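Chemist: Copying in the features that TrEMBL gives for the protein in this structure:
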{"type": "BINDING", "residues": "GLY147, GLU148, SER149, GLY150, ALA151, GLY152, LYS153, THR154", "note": "ATP binding site"}
{"type": "COILED", "residues": "853-880", "note": "coiled coil"}
{"type": "DOMAIN", "residues": "54-701", "note": "domain 'Myosin motor'"}
{"type": "DOMAIN", "residues": "951-1173", "note": "domain 'MyTH4'"}
{"type": "DOMAIN", "residues": "1175-1487", "note": "domain 'FERM'"}
{"type": "DOMAIN", "residues": "1507-1644", "note": "domain 'MyTH4'"}
{"type": "DOMAIN", "residues": "1650-1948", "note": "domain 'FERM'"}
{"type": "REGION", "residues": "584-606", "note": "region 'Actin-binding'"}
Amino acid sequence: DHFWIDSSIGVPIGGYVKVSASGQFCLIDDEGKERCIPEGEKASLKPMHPTSVEGVDDMIRLGDLSEAGLLRNLLVRHKQGSIYTYVGSVLVAMNPYQMLPIYTAEQVDLYHRRKLGELPPHIFAIADSCYYNMRRKNRNQCCIISGESGAGKTESTKLILQFLAAVSGQHSWVEQQIIQANPVLEAFGNAKTIRNDNSSRFGKYVEIFFNKEGAIEGAHMEQYLLEKSRVCHQAPQERNYHIFYCMLSGMPSDHKKTLSLGDASQFKYLSEGNCLTCDGRDDTEEFGRIRSALKILTFSDRDCWEIFKLLAAILHMGNIDFQSYASVTLQVDDAVLEKSLTHRSFMTNREIVTKPLSSEKAIHTRDAFAKAIYGRLFVWMFTKINSAIHKPQTDKPTYTRKSIGLLDIFGFENFRQNSFEQLCINYANEHLQQFFVRHIFKLEQDEYSKEGISWKHIAFNDNQKILDLLAVKPLNILALIDEESTFPKGTDATMLNKMNKEHNGNKLYMSSKSNHGMQFGVKHFAGTVYYDCEGFLEKNRDSLSMDIMELFKKSSNKMLKLIFEKDTNTNSISTLSGQFRHSLDSLMKALSLCQPFFIRCFKPNDKKMPMVFNRELCMQQLRYSGMLETIKIRKLGYPIRHTFRDFLQRYRVLLKTPAANCCAAICRAMIRDEEDWKIGKAKVFLRDHHDSFLELEREQELYRKALIIQRVMLAHKDRANFVKKRRAALVLQKNWRGHRDRRDFCKVSYLKQGFARLQAKVRSRQLHTEYMRRRAAAITLQTQTRGYLARKDLKHKKDAVILLQAQTRGLLARKTLKKMKTDVSVQWNRADFLVFSTFCRMFCLAFLTAQEKEAQERTALELQQRLEELLRKNEEAAKSQVKDDEEMVENIFGFLPSAIVGQEGPAPEGFEVRKEMEREKEEKEKDKESDEFSFSKFASLYFQGSSSHSHIQQRLRQPLLYHEDEGDALASACLTVWWIILRFMGDLPEPKQERASAIADPIQMNLGQRQARRLSNLVGLDQVNKQDTRKHTFTLTRCSAYTVPSVPMLLKRPDVLFGERATYDRPMTPLEKLHIIVGYAIVRQDIRDEIYCQILKQLTANKNPKSTNRGWILLSICLGIFPPTDRLTKYLQSFIHYGPSEYSSYCSERLRRTLANGERSEPPCWVELQNKKPITVAVSLMDGRSITLTLDSARTSAEMCNSIIQKINLQDSYGFSLYVAMYEKIWSLGSGGQHVLDTVSICEQDEKRQGREEQHAPWRLYFRKEIFTPWHDCSSDQVSTELIYRQIIHGLKSGDYQSDKEDDYVQLAAKHYYVQHGSESSMETTEKIVRECVSLTLIENKSMVKLMQMIHSAHTQGPYINSSKPAYEVKAETVEYAREKWPIYFSKFYEAQIVSGPSVPQDQFVVVVNWKGVFFQDVTEAAFLQLSYPEVSKDPTLLNYRRGDVLFMIKDGEYSSEEGWIKARNERTNQTGAVSLDAIRILPMLTRDSKEGGRGKGGAKEKLWANSKEPLKQPLLRSLQGNSELCHLACDYYPVKHVRTPIDLTNQIFGPATAHVELRDEIYCQIMKQMSNNSHGLSMERGWQLLWLCCGLFPPSQLLLRFAQRFLESRPREPLASNCLQRMQAIIEGRKLPPHQVEVDAIQNNSTQIFHKVHFPNDTSELFEVTSTTRIKDLCRNIAKDLQLSSSDGYSLFVKTSTKVSDYFFDNLRQLTDVIKKGKKVKEAAPTIAPYLVLFMRKLWFNVIPGKDLTADLNFHFPQELPKYLRGYHSVSKEDMISLAGLLLRIQVDTDKSQFVMIPRMLKDLVPADQQKLMTADDWKKHIINAYNKQAGITVDEAKLQFLKMISQWPTFGCVFFEVKQTSEKSYPSVITLSVSKQGVSIINPKTKEVLAMHLFSKITSWSSGNTYFHLTIGSLVQGNTLLCETSMGYRISDLLSSYKDMYLNEIPKVRKSRRINI
């Protein structure tokens, strides 16, 4: 019935047959015209294909594939209101020129995640395809929107932007900023033209960035070629840019008055087109939207005002009358502005020439000025917007975020008069057309040829030749324009002549029709366009005159200077066409890297009328857009291509049976027609619609497979339940049958009794027999045992008697023999004599008479008494010595107030105070246990075995701490120290007697050797002049300063050093014990923490006051000698803090000082133990003064020197050091970190070794000059000069400074004479001078008289007497003389040993450093080498390298490995040099190993699966070895520069794995590797803890899963193995963040259960168990179940004030903690847990009916609704307020009516805040009491329920209220209340409580929140109403809206046929 009919436009139109009443056939065409058809022409009519009758969605399916078919399809769909049509994946969009209801939020949800072609054509489908492909293919996308001006490109761009923001789903502020950039750019870049009311006069490319989750993360915009000429000139019926009219219409009158602005008709720049308004556009309303958008885009009010000032200046520039005010807005002088517009300056060779301009040129200059201001302002605004919307990437650096680009550029233009702008615009459209042609035709057909697909070539219109003419080939049109623009005398006419001459023969170029014409034409792809050349060069130059540029510099307008800053700072000149071409090339390059989608926008008519279809216009657009060819290639071609691997990987599920060629088998099975798919060489080719078909089939197949899996799993579950129930039924049956039989049996009583009697008899006989058997056996056993024990005891006693007799007889015989020998000796020992006499007396008693016997007995008794007296005195002397030592130790804290302990008797005064102190002490103990760094926590973390942290009185079996060196020697040392500590504190008694042992005390011996050696090594000034052999024993560091010596040789033999020796098993004084404990700590640094832990353990819960005091004394002494490690420091500080007040401050200060100044190297000296307060010492200066300073245990020489320098006001302090002197020796301590008391201890120990008392050691301190600087200047500091001078005089006297010439002494003495006595001259004074500064040795060698004569003569004949020279200058000369003459006496000495270099006389020598240079001396003090400082440089032969470098050996014979050196090349630096073999490890490889390099030791391959202490150089898994970034993350765990907290370590271990899935298996493998073949207990314990954490964070991959499970199952004895297995099976998806601090602390305390407190609105809280895999929703369900709530729906967890919770509970807490940490600077070593509060409340108020769930009403609904009511958010009547107040009063007081008097004070808790002034307090009281009485008889809970029932009737019940400030809607007050409920969002007037508007969720299109703003869009995406609010609670409003919307989406029944699987 439908046929094609010829038409006047050359394209057939459609028509249908109609039979008239007369039977004649007529055709009714599409225009409604009737045509009669003769009978002969009826057969010639071409019938219409059925697809062309009703139209199709995709024009590929058209049967009439012709221009007529395309045109009619568009016509039919246009009449149907369908403006979108597909051509494959290309969208054809027809401008409807009216609003259509197809852009709502429902449409967004409908098209999201739907395949292209699944729904009717829509622009949302193209946008969703871009988004889907970007995420699926991980490739950037772009959408190119093209078409003529007025075709709807701008609106299409906005729709895509809004769709992407909606599907992003984040409602973030950056999304709103991107969307709000459009109104601003449209206002400044769009204008009304004759073809389009909102024509874009610039091009823009918007690139939207997405993160890995598909959320919008930012955007970037580029602008192209703003039409600046429109600022000054408009065509008839066209307007200037929108912003001018909006500003004049919407700006407040006072602002307009300030800028002298009026109506648009008053300005020439706005009225030239005779069009001041635009239909359908409200400029006033638009100005409000622009201001709101500027706020969202972070434009400040100041920025906006400056912009409006410049716009006003442009308008004033167009009016001559207002030119004076233009100077005001531009902030320039009137004369300067006038001169710059009416004159032009030129730069000649010598000067600047100024020339006046004609009126016409002046107008052009003015217009150019205005256009330049507007153009630069537009560019600046683009930059400002980009800074707001471009956000940094939030994902890991390894992930490159993807983008979707939207190109909205000016369409093809052809006006009656076309200028330079149209040429550039059409050139851009030619580029886009070429991009379309290249992508659709060229690349696709080339791909078919490359893959070997049989293909018939399709002809298409290629516009490449047009591009060659315009810009590609040499001497193209744009190049000629640029060339002519560079010539100063170039004109438009000369330019046109050149173009005509060059391109006259080109068919695409048309010259002007006449010789005088200024036009040329170009045959574009869309038609021929003629361009008017007038003004081409001026527009292309786009430059401003020198005068205008000077004007900018003189202006005080900051905005004007800002936008022209680049122009004023650069001198480069570039043409406009050159800039445009460069930008266009960059755009094309960016588009070529993306997968493109095309939208071809058509306009149906030129009149902008709806439902009007102009066939001729549409046909023209169809032709030049190449739609017909596009349809052909789309229909016949294969636009969908997959590589074999990708195709098989995605669609493998569709393969029914295994096949050789899987891809072909899939296509053959799913696609019936084999012409619809092709197999190429490497790809599969499909038709356009088959991609969606295969995706749909894939989803359905996956759905079917999922059903099968569910069916099998459910069957397995049900069968298991059935088997379990059947087993239970059998058990029940069995027991029931037994019970039934027993019951029946018991019914026969006599039979039951008989059986009972028989059983009793049998059992009694059996028991009796068994008893008798056991009794007989026991008697036999007792008899045998007693006999054996008796015989054994007898034998033992007999042996003991025999042994005792033998020993006694032997002792008596030996004593007898000894006595007999001593009888003949001359010298008698008195004690032996008495013994011998006694023996003789006893021996001879039998032979004496009775009288003689009595006399002998008296004599023996006297001797015995004398012997006892002598022994008693010896014991008292020993006890006295012990008592002195004990007093010394006990009195260390004597200056502190004594603690009140052990007092008995009646309570003294203030006993209550003591009780209070005891209570405070108990509270302090509680705080101590709850402290994060309590000693108990340290003990639980680090103690071995079952060791506790509390006091004990027994020996340890093993050290408390785990030590890397688990040797017997170290363990023995730790146990020895423990033994000594117990004895020191009195927890163990002293041995009764000393055991004889020849083994000396190892620690004391070690310390003694160190001290003996060290004191002898302190070289003083007296030894410099002596050839002393002690110089051979210099230490390896400074010789002239006291430093820590090298480790003694005994340390190399720990089996000799440590262990419990027989030497210690004897009574010892406390001082000896103290020295042993401290000595161990000094010698073995690795047991210092062990010593501290032992002391703290004995101080914890110690009930013995004496033991406690001794323990604190020991702790304080140790704190002053050596510091703890970083691991123990925090815990030790906490222990001291909670210690007794009399000790804590003192110990804290000692610890602080020791940590600051470092450890000591000697045990405590007598001085610091004896003095109860800080030690006061005197430091002698060389000028005779003495400085008194205080010393503590940590005082260093640097601190002493600084104190002296400050006290004496010494300016030139360099080179002064502290010296110690004892007897004839003096040595330097330097001015560094040497401990002064260490030197004192050495002196005391040396004194003790000499047999003298150590407290009498005569040590003294001096402050002396040690070394000079080369630039020393005596005049800079007289104090320094005086000290050095006195030191020199003292050195001369003592003989320290010696000279070879006697005259030197004489001259120095003469100078001293002058300094002391001036010009005075006498022999008495001379004698005094001799005695002051001449040594005794010199006086003895020379006579006193001769020396006096020589010095007197030198003084009288010297130059100083008559010169009156100041004394300080003479002193300076003396100092300078000593510096020059005796540099050796002002030097520092170092002992050294040669390693490499030139040959020297000796291997060991002394290095002397002074101001002259470096000297090398042998033991004879002969300098064999001298180097000045310029000669000292680094040895170039040594190779620079650092740890981890790979060195390649070079065997060229230059170095011998036998000498310990080799030559090598550093791979990193490519340098070559010598390397010591002691510093490297040699790997026997010919080439560098890429897999196992550095893992083996000595070439042996390491077991990669076993425990190793060596750090990994590369990942264990091969899959990671190709990724350098992941390799670095996988192996960056081991070495750390400082001690890290456990949470820091877990962050470093698990942080990368939570961000990168590829690293998860690597973490599992590394942990299991370290737990394999690991024999260290602590290491294994930590390994299981790490594995426990890992199993709760993420599961291993399927490849590793079975191995990990086997690893856990093979270790059933491990407590955590089963728990790890359960956690691994429970975790499905990996968590996003590392473990929380709570999880780490729990597993470190060996606890796998974590309980967290959750608070409720009724001020109660409960503990709930949470695990690492606990999700928020699961926890909510558990809480609801525990509280017996009817449902958990609508409830949520709130962490503090944030509701942005994560899926996992601990991840959410971690996010909050990390956010708070970022805002505060936290020390790295201090683990912190940010304070937070977890709340459980109702969030969504749906299906809430008071009384339905009483628990929820009382615990949640009432406490949450009451504050809203009292704040006055509800609209409530007076009667309801009184009734509610009565209920609230009953809730407050229950039945206590005595509280009625308090009602006036309770009003704030009974009546809304804004209604309290409605009545007086007394009236409120009266009414509330009446209401209270009416409600008598109800309980408090019933009152709460009635309260809820009353307010639930209000529409605002359950709403969440937010008070905000708004500026976008003039009809609303400035402050409004937003209420969010289950219906939607209500806008309420806060004063009247009137609901101004109610917006349902279905009408809310979008919303977003920022830091201080909240934005809401209602209605369609095209013309929706917006509400911009200022509030800091925007994120809460956004989260609440999202929650309600998600709730509704979950409640909506599924209407889609199949479930959809996300990417």
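Cβ atoms are placed via backbone N, Cα and C, with glycine included.
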Chemist: Once the chains shown are all counted, how many other Cβ atoms turn up within 10 Å of the Cβ of ALA151 (ATP binding site)?
Modeler: 25
Chemist: Compute the average pLDDT of the predicted model within the region 'Actin-binding' (584-606).
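Modeler: Here the mean pLDDT over the region 'Actin-binding' (584-606) amounts to 88.
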Chemist: Excluding GLY147, GLU148, SER149, GLY150, ALA151, GLY152, LYS153, THR154 themselves, which residues in that chain have a Cβ inside 8 Å of the centre of the Cβ atoms defining the ATP site?
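Modeler: Here the nearby residues are ASN95, ASN196, SER199, GLY411, CYS601, LYS603.
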Chemist: May I have the DSSP-based helix, strand and coil counts for the residues of the region 'Actin-binding' (584-606)?
Modeler: 9 helix, 8 strand, 6 coil
Chemist: List the residues of the same chain that sit at least 6 positions away from GLY152 (ATP binding site) in sequence and have their Cβ under 8 Å from its Cβ, in sequence order, or write 'none'.
Modeler: ALA93, ASN95, CYS601, LYS603
Chemist: Among all protein chains shown, how many Cβ atoms are found within 10 Å of the Cβ of GLY150 (ATP binding site), not counting that one?
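Modeler: A count of 22.
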Chemist: Taking 10 A as the limit, how many CB atoms besides its own sit near the CB of SER149 (ATP binding site)?
Modeler: 20
Chemist: Counting only residues 6+ away in sequence within the same chain, which have a CB under 8 Å from the CB of THR154 (ATP binding site)?
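Modeler: Correct list: GLU186, ASN190, ASN198, SER200, ASP408.
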Chemist: Taking the Cβ of GLU148 (ATP binding site) as reference, which residues of that chain separated by at least 6 in sequence fall under 8 Å from it?
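Modeler: Non-local contacts for GLU148 (ATP binding site): ARG195, GLY411, PHE412, GLU413, ALA526, CYS601, PHE602, LYS603, GLN621.
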Chemist: I want to check the contact list for GLY147 (ATP binding site): same chain, sequence separation of six or more, C-beta distance under 8 angstroms. What comes out?
Modeler: ALA93, LYS153, GLY411, ARG600, CYS601, PHE602, LYS603, GLN621
Chemist: Just how many other Cβ atoms lie inside 10 Å of the Cβ on LYS153 (ATP binding site)?
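Modeler: Excluding its own Cβ, LYS153 (ATP binding site) sees 29 Cβ atoms within 10 Å.
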Chemist: Counting by DSSP secondary structure, give me helix, strand and coil numbers for the domain 'MyTH4' (1507-1644).
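Modeler: Helix (H, G, I), strand (E, B), coil: 83 helix, 0 strand, 55 coil.
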